[in-house]
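Let me begin by presenting the structure, written as structure tokens, before commenting on it.
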């Protein structure tokens, strides 16, 4: 290839766009346009490309290579008989060994085709036709790059082998055609790769690919560097190539398709947005001018089609201004001028005008593509704000007022209905008392007393009703009637008609319906709350008392704004962590060293072990966000992480009962009254008699912890053995693979058994969390390539110590109402009890521990609960940022799955990678489920509170989405918004899984605060 660049070829860099994956890259190469970013989710195999491409326009095409790429274009061809695909099996794509044999397969099949053509007249005739393409897709470099990374010996050897294949193929083709000089060769790639063997995002190493073209119609290398100066096109990227004296001609990846079309003499792909790079053409000025003129007409036609579509259906059409003002005329005028220049043989001016038309057409296509952006941004913003308003009102009504507003409104409406029914009965009774034959015609239709009264009479009647209501203490609310509902429906119908007449996509109706519904519902509920607060003295007093809990000791208005400001600042800090993950190091260190100043000294003396462990794990976890995102395989760290988790399992097996006793036995007698500080000192009672926890079940817990520790230890050894085999290029041993899958499956069994086996009913939450940690530790260890399992260990220690500290702080803070012993109840019992409104009790243990099932026994939320929900969001983000960069697609290393599978399977590998990411998320969700119950809050309260605040982060990312600048910035901005949006869905699913499937019926301490709030 280097010799070709120096003697025959024109070369440069082809710049791709995000996502830098196989499908979008090949679509740009062969069809000439860039798919939407979401196309990466459409898959590779047997996924027809429903648009025009270079292959569609050829007479015949032979393609050789991967089954993941070739069928994509073969199935999308208009005439499938003219496209022949020769592929190796999917099992050949094995990351466990060197992949040069994939490229060997391609070369041998091409060689076989030409050998066959010497004796097969039909094949020889096809190969001698014009407008044919031979597509050689060589996947070896990509596979070796993923498996061994681009700096490995396997990758470098594969480069040499591909270079040899190019040399032999050129020689073979030229000999077959008798060196007629009518063959054009184009060498390029669909995407690049970083040094760590990953791609997908907008990193320059991923967006830069080679382009080398030579043969018929291609320009010879142009020397430009004189006197030590570099030739045109070179920069720092190519300064060490040793090719400074030859011009470097960079192109956009979509430009390659029209280049190949012009060489073949076939129409450009219909949807192509590429521009023919004239620096690669060796023809005359006339040929270049004609080729670029055809390119300009093709792009101009796309522009005009898009403009006609918009103009036809838009009620208020705003045309692309540059198309009507450039050069004193529209794009058609430009095309006419080009044709005139061609007739006059003014080819230089024709080329210049064609380039203007191409740029004009591309700008116009971009303008019409973004034509609805203002509408969409407005609607989406209103949707997020509407959801935030709706969720805020829902939280206030259900978690602050605890449903009192709904019950009050329901009571008032029932009173109004009873009064209305009573008047109707009296009216009917009075009417039926009259003689039937004496009723006049007017009375029959309107009633004797229903003649239309005057305005003065109506006003007097209204005053009389108000006086009567005041005497009886009755409240009347203005309710929505038929008119309001008709108006709401009518407005939505009008909006839908506006979308329909403009032929907008159906998804736009959902965009409109989402904010419309939430804003209407929010306004309706807010109106009722305001009316209720203004009219009901009883409810007004309750509302004042309940909302006072939000202040939690803050007496002035300025002080009440401080928690909200802190909340907004915390959310903005979480936004910034997407750009700079090291912020988490500062946050964790502040958390670790600030607790001793928040917790009372008396508690620190008693719980110094918990406080010390929290500070230690904060410091330990803070280290991981300082480590580089791009990690290499490290066997030592894998072993350390696995053995630490195993050691924890052994520790838990012997000391879980002691930990449970200390956590459960703390019974503070602190009083919140300042007068009692001197007379009473905190005491603690430790006991192993936990209500609902039978001694026999404790033995089963120990056996399970021992078994899980053994599984983690075995997984660690399997990882070490497999890693050594892969490093020695011996591939994935079958025994190791079977054993890894067996460990993976068996480790998940306890998670499936927990919700169903009676043996694990009423298991203490500490033991349940230990079991979950060890159950997920096996897949985490199997998928670890560096320090991920170490992070998993430290992260769990941090979360557990935080959980215990929060329990202690909550009980100390409410010492005056929490002086009674704790009641241990299963979460499932709480959930079941809240589904009814009547008061029942649940038998839990031999001690007959009971809890009231009235939902009103839950306490209202306070600002401290908002702090917990913000911490939930922070730990959800930290769960990934500790081991990688969530904003980068290329952070997903395929090496993580090589202990389980090495044969290329995109979706299955993606599942394993996502599982590795979600495991810490599940731990966070499970611990916050327990914390939600400990704080005497309704089910899902903390999660819904976090859900309502996370949209502030999403709006930040939404307005930061960019479509200009470097592809690294563009890709990062898009991924930030997508991740923040999808995190809502993922968090919802994970929280539900944690609530019902993981924690389930575990025993969680619930204090007597429920009875306190019920009595009030």
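From the backbone N, Cα and C atoms, a Cβ is placed for every residue, glycine too.
Taken from TrEMBL, the feature domain 'Sulfatase N-terminal' applies to 153-265. Residues or ranges marked as domain 'GPI ethanolamine phosphate transferase 1 C-terminal' in TrEMBL: 364-417, 486-966. Annotation comment: TrEMBL describes 384-401, 480-500, 506-523, 585-604, 611-628, 634-655, 703-722, 734-753, 765-784, 868-887, 940-959, 979-1004 (among others) as transmembrane segment.
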The transmembrane segment (703-722) vs the transmembrane segment (765-784): 3 or more CB pairs under 8 Å: yes
Helix, strand and coil residues within the domain 'Sulfatase N-terminal' (153-265) as assigned by DSSP: 43 helix, 19 strand, 51 coil
The transmembrane segment (634-655) vs the transmembrane segment (940-959): 3 or more CB pairs under 8 Å: no
Mean of pLDDT values spanning the domain 'Sulfatase N-terminal' (153-265): 92
Within-chain partners of the transmembrane segment (940-959) [C-beta distance under 8 Å, separation at least 6 from its ends]: 377, 380-381, 384, 387-388, 391-392, 394-395, 399, 567-568, 571-572, 574-575, 578, 861, 865-866, 868-870, 872-873, 928, 931-932, 973, 976-977, 980-981, 983-984, 987-988, 991, 995
Contacting positions for the transmembrane segment (765-784) when only residues 6+ beyond its ends and CB under 8 Å are counted: 638, 641-642, 645, 648-649, 652, 656, 659-660, 663, 701, 704-705, 708-709, 711-712, 715-716, 718-719, 740, 743-744, 746-748, 750-751, 754, 792, 796, 800, 896-897, 899-900, 912-913, 915-916, 919, 922-923, 926-927, 930, 998-999, 1002-1004
